[in-house]
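Here is the structure we will look at, set down as structure tokens.
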């Protein structure tokens, strides 16, 4: 930990930004952390800021990483001489932090041996790993149509209330509970209640049959929606730095969950406006692509280890062409698009099987059988979607026999893509189902071949493998 290099004074406070003046020749570098510790009329101020601009004449403009309430001109500002640094290593496991790496779980200080700055370069190209391997999740629609890449990045795109956080929580419960490595969760600008629920859930979920809880292999970093934009902008970098340590020093496979990457862009927009930059399209910051690229390029797999990332992406007004989700979209290996019309049918997860995709849904990576079945499923659903207008006007009876069969099977496929989740057991009254990739492929192959045309549509709702649909059909007949 280096010592302070210079002391200046606050000259201006505007919202979540402040200006400070330093002696000649002692100007802090861009991204250096500044600290203000003061007490005035019984109000104690302990604030950290980050230098964003040099204004000339020894003045800098900084973004506050905490509340500026009570700040006054003339207060002393100390340049720490380095960027914000967070604790890294095994001492962080099981703990909950804020953007500065300070524990917020009321369990005492963190005895970390090392601290890393949150601003780091992405690994050089010659250090990157080029292996491509499917990462099985046990969720049918994901494994069949949008397979995740081990060491890759997957995005959950969706509007408000479509279940992004539920799917993300489910993936944590499934992957982290069967995963031997470390997990890092970044709560970026989302609800504090959801973060608390997740923390409590992780304390109860076991890692396989090891007898240990998921939280023991996880560290969590929060910058929630009630916090200043500077905190929400930098919290993803703090979490990523902790994940990078596990990747680079232990060589372990690391999982990085981010909820929500849109809030990162949103916070950047607020900071940009406070710094006086000219807004770009739809009011976003002109540096949107640069900031997103700098973050996403660090989330990668190297020869030392892998970071597999799952990121929730809020889609404003259900418009996927909005610059924030569109910028994130280009950085991902797999993208899952949540559709409101599917949610309205009561089918969850409300994943659109036609709009979602993955770069490894290719025979070269998943094999011919998997690829063929996935494309057959999508072809049937696509034809069903094309027939919707005709059905709405004329009814199913006016279709050809071939189209009637397609509609018949598409409705069963649509319902079979639903699945009971582990984290939703208390809401739907059914135990969560983890379906193996082989069972998923075999089940959909049977539906496409017409082996289960005799089963009622409702039997396919919220089951795992096809055998459960057959059991459900028998129960329905006996009633």
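Residue positions begin at 1 at the first shown residue.
Glycine is treated like the rest: Cβ placed from N, Cα and C.
Features reported for this protein in Swiss-Prot:
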- 158, 159, 160, 161, 162, 163, 164, 165: ATP binding site (BINDING)
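Summary: among the binding-site residues (158, 161), the fewest other C-beta atoms within 10 A of the C-beta are counted at 161. Summarising the environment of residue 160 (ATP binding site), the number of other Cβ atoms within 10 Å of its Cβ, over all protein chains shown, is 11. The DSSP secondary structure for residue 165 (ATP binding site) is helix. The ATP site is defined by 158, 159, 160, 161, 162, 163, 164, 165, and by the 8 Å test on Cβ atoms against their centroid, the other residues of the chain that qualify are 314, 338.
Using a 10 Å radius centred on the Cβ of residue 164 (ATP binding site) and all shown protein chains, the other Cβ atoms total 27. For residue 159 (ATP binding site), the same-chain residues that are 6 or more apart in sequence and have a Cβ closer than 8 Å to its Cβ are 314, 315, 316, 317, 318, 338, 340. In the three-state DSSP assignment, the secondary structure recorded for residue 158 (ATP binding site) is strand. Neighbour count (other Cβ atoms within 10 Å of the Cβ, all protein chains): 20 for residue 163 (ATP binding site).
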